[in-house]
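These notes are about the structure you will find just below.
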Amino acid sequence: MAAAAECDVVMAATEPELLDDQEAKREAETFKEQGNAYYAKKDYNEAYNYYTKAIDMCPKNASYYGNRAATLMMLGRFREALGDAQQSVRLDDSFVRGHLREGKCHLSLGNAMAACRSFQRALELDHKNAQAQQEFKNANAVMEYEKIAETDFEKRDFRKVVFCMDRALEFAPACHRFKILKAECLAMLGRYPEAQSVASDILRMDSTNADALYVRGLCLYYEDCIEKAVQFFVQALRMAPDHEKACIACRNAKALKAKKEDGNKAFKEGNYKLAYELYTEALGIDPNNIKTNAKLYCNRGTVNSKLRKLDDAIEDCTNAVKLDDTYIKAYLRRAQCYMDTEQYEEAVRDYEKVYQTEKTKEHKQLLKNAQLELKKSKRKDYYKILGVDKNASEDEIKKAYRKRALMHHPDRHSGASAEVQKEEEKKFKEVGEAFTILSDPKKKTRYDSGQDLDEEGMNMGDFDPNNIFKAFFGGPGGFSFEASGPGNFFFQFG
């Protein structure tokens, strides 16, 4: 708000005038004094009324217009104030305060160059005027902020633009252009509530402001409320048919909505290849639309998971959470892909993030399941040791044991180096452990459920794999390995 401006006193006329003129001037002076009194009490509306009465009585008095301009400035009505200030200096070009008020109005409205001209004229009339000197510096500062902001906007350094506009608005509080630029940059930074607030304030004063309508639409567009956004873009284009930014945004919004809907339709119909292509095309429309693009990445990740391209699905979900780190659905999708690829630590991390954000029973159970799989993954994988899947039958487990036990039996590697013998002995023991657990339904159930087998009284530390081997192949002395045949050994039952 502009600083309170001083009111001017009209000197009595020195030359005799007609009685009617003198009475009019006396009455006008009375109205002016009443206006001054209300101004001093900060009742600017009443002050405005009395200054207007004074002007009606004496429309050629420059100071009356100057006083009313000062009052309008205090009411924040800078455009009207500018008209009065300009009229005051038209009537009296030597009226320093008139030039100061004209410059102050120009500056408040964001026209810093015009403000400089007014302040320069005031300094020509009174070169020692401290207010004119300071206001001239302020106007030049605003021009510098404008220049920096223009360059930084081209560089997409939106934070710097917001900073410059905040500084400029300290001197130009009524400049819609600065406010709109700030609001647009706030929207580009994802600070939508702040941007909406600035645009809404302007629209309350001017409901036809195309720039403000565009910014309102831009915020909705970036918040993925595309239908509502299009309505604002269309309204902005009605107000200003040549509004280039609104035109581009409207076109992008419609294209993005159509591609996304087509992709969703293809996905529901099970046409995953087409859905992938459509989501990919949608992602190329507007890289600035972070929220919508996060959803598109997540959708494409879901498609990739359906196509069993799990690494690609993980990458898409990662891109989604990079754009929107609060996007729960993307974390859940990525966590499931991590589970499917046995990356349990990563899955636990994602489920922990989800559960910290939304503490539901479902999310808690997903986290517990991932933690269990992580615990199980750190034990020996007996299925992998035998080379069977988790649904292997009893016969398949026996066949696998026979094959692996013979493959790793120490006698078969008696001629190998000490290092190889040690490694094969270790593998032979693990094969026996695996068979002991997986061939026993109760032990297998406990193993599959992730229970600590040692705590269940099945400590494998003293386990002797030879006992299993002998029992499996028919007792002691019932087998031997010799260097013979293509396999360099032969097996013989007793």
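Just so it is clear, glycine is given a Cβ too, placed from its N, Cα and C backbone atoms.
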From S88, S305, S393, the one Swiss-Prot labels phosphoserine: S393
S393 (phosphoserine) CB neighbourhood, other CB atoms within 10 A: 9
Close approaches to the repeat 'TPR 3' (96-129) from elsewhere in its chain (Cβ under 8 angstroms; 6 or more beyond its ends): 2, 5-6, 8, 62, 65-66, 69-70, 73, 78-79, 81-82, 84-86, 88-89, 135-136, 138-140, 142-143, 146, 168, 171-178
Contacting positions for the repeat 'TPR 9' (328-361) when only residues 6+ beyond its ends and CB under 8 Å are counted: 294, 297-298, 301-302, 305, 310-311, 313-314, 317-318, 320-321, 367, 369-371, 373-374, 377
The repeat 'TPR 5' (177-209) - residue tally per DSSP class, helix then strand then coil: 26 helix, 0 strand, 7 coil
DSSP helix/strand/coil residue counts for the repeat 'TPR 6' (210-243): 27 helix, 0 strand, 7 coil
Positions on the same chain near the repeat 'TPR 8' (294-327), where near means CB under 8 A and six or more residues out: 224, 260, 263-264, 267, 272-273, 275-276, 279-280, 282-283, 333-334, 336-338, 340-341, 357
